[in-house]
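One structure is given here, and the rest of the page talks about it.
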Amino acid sequence: MENTAFTNCIQCHNEFDESRRHPHVLSCLHTCCSSCLERIVSGKQIFCPDCHSQTEISSDPCKELPLDTACRNYLDFVRIQRKPTDIQCTDCPDQSSASSFCKECFTFMCPECTTAHKRTAITRKHLVVPVSELKESGLNEFHRKDTCNKPGHEEQVFTFYCDRRGCDIPICTLCAVCDHNQTNGHLIRNLSDVYEDSKTVVQSVIREINARGTPMSEAVDQLEKVVDELAATETDISQEIDTIFDKYQKILNERRYQLQMEVQNHCQVKKRDLQEKVKTLKSYTTDVKTATDFTNRVLLYTTATEFLNLKNVILRRILELKNVNVSIPAKDDVALRFLRGVSDDSFVQLINGIGNVSSRESPIPQSTLHNGHSDTGPMKSGRSEYTSPINQELSRSPARTPPSEAPRNTISVTPTTPQSVKRVGDSIAVSRQMSIPAAATPIREPVQRQTSLPAPLEEKKTMSTVAMMNGMPKTPAEEKTSFFSKAKQKTAQANRESFQQLSPDRPFQPVTSPISPKTPTTMPPELKNLPGVVYGDIVCPDFTFDVLTIHNEREVSLDGKILRNRKTGKPSSSGTAEKQFQNYKGIVGNFPFKELGKYYYEVDVSFTIYQPLEQTWLVYELGICRKDIIDTHHTVERHEHARSCYVARYPEDGKLAHEFWHNRDLLTYVPLSDNTAGITVDLTYGLLVDTRRRKWTIADVGKQKKLHTFTGIDFTEALYPVFGTYNPDLVSVEMTLRTGSEISAFPPFLKGF
């Protein structure tokens, strides 16, 4: 049966031909016609219409991408099998039907062209057979004769193969004598020997891949069954949630009605009392007015004898009114107040504690296939992807997928499982680890680039320095910035003087300090034994980078205070260290946040851009995360139990921005600086962790500006501070950790967060 998927283009779905639809092979081994390639090429990249994999090119794709000769040969074969009379003459401009076929030139010819072909001196000895006879021939009859296309080597058949690295091509006899002479270091082998060796290697790998077929099929069947059951499960759980919350909603409505009735009853009683008091006060006011008017009239219009006769009556009445006890209620005595009885945070915590959607592993065999063999291990999701060996970290795709950074000189299958590549003899043995279940959205790779580092850039002057040079006084904001800059420079200078690299003969000694004598006595009881200082209810713990966790491509100082994204000396830790990160491109702090309280620390960051970042490449990351999941990837922003603030190129405007992520979701972003070669940025981050209120606030101390506050953080397990640095070929990054007594004051603008 004819395979149309093999003979048709994956883009236009038309059958390949010898005119405008030559079959070309992409790096993902899908075949696309030359006409479609010209339409879908984007700069130096081609994205497969079928699997969306990326193919890098440097010139014309139709010239650079190889022809799918297997498809071409098969098409010639099936066209003969379909209807030989429909085949047209290859060279005839009249598109006449072909009647014969030249096996030497590999052309179909009409009767006139056949006659001319047999008459020409060069082609008269060629083997020409009728088209009708080809229908009984096998596929081997349609294999074209491979000849050299080098000028002057025409009609020379490929008989040798140059196996020198960098050549790896079939050659003719003239090539072996001239361009690929063994005296010049070329390695000449017989073409058939190389073919047999290469075919053996490919067939061996194919057998290993096919050996995975059965467990893969079983896993797919079980996953499809689970997917089918998920719909029913979703409906059942949704109904259960609705029932519970309808019940709680009814309780809330009843409580609301009860409180409203209490307010109504209180107000009715108060109204009755107040109305009686108003009536009494109005009556008293009328009596006073009557007595006053009568007395004034008597004093005005009577004689002395007449007044004295009325004196006792008047005195008796006005004294009676004077002695009346009149009470006027104060506003606070009659005002009603609603006592909430529960805070917003407590209520939110209570509501968040209602129910929990848990997911346990399905009964699918949790096996990781490695070279055709099954090893027990956890299942991870992810799509296989190929990463070329490049001199820079892998970026996120323009679709705002989470960032990724591929290890150098590796082939990455999943974001957390590197592949190993080994050269065995004349072949490449690829060791892959594949994971089940479903594939995630593919992460596209950046264009491979070679970067060179320029000479050190001139140190940038601050605005305060410029103002002083021009004779202008500093503003209060500049005075504040100058204070923080001086403190940062002093700390950085002290750390640089002690910056030394670890080696096996100089083990790391943690730096700790007792509580400062000036520490206020308001420290929470559970934190009394913590080294550091306290300002009010804010604890500034004394901790450092855990230098034994540093990734082997990064550098940390011996005192655990400075982190760099490029190496300037010996490795900072032994390559066999048990705690050393293998995936996360950075380091972790040696202090966990778990006990109830508020914690504050600062990080000075200075970075210089050598070459503008492209796509959404990373500069650095500050985060908090559970320790056991930090090293599963080169960033922590994709984890549920982590929060991440990192600086990267923002794709919408091409500039650098702070981005705040949690569980693969971009919560917000704050613009930072231009993405220009030569620019240097210095800033100090203030980081406030509040385990009671489940918050983490990141602020720019120099600008006295809060950048973002993460809420609803789970501190039931300890979270550690993490620090990542990236792309050393494009940008230099230096982080200085400031903790404990190094923090001279808690920034006032952060109070209340």
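Think of each number as a place in line: the chain as shown, counted from 1.
Here the Cβ of each residue, glycine as well, is placed from N, Cα and C on the backbone.
Please treat TrEMBL annotations as automatic predictions, because they have not gone through curation.
Remember, it's a predicted structure, so these values are computed and weren't measured experimentally.
Residue ranges 471-497, 498-524 are listed, and TrEMBL annotates 498-524 among them as region 'Disordered'. In terms of DSSP secondary structure, the domain 'RING-type' (9-52) contains 7 helix, 11 strand, 26 coil. Shown for the domain 'B box-type' (84-131): DSSP residue counts in helix, strand and coil, namely 13 helix, 11 strand, 24 coil.
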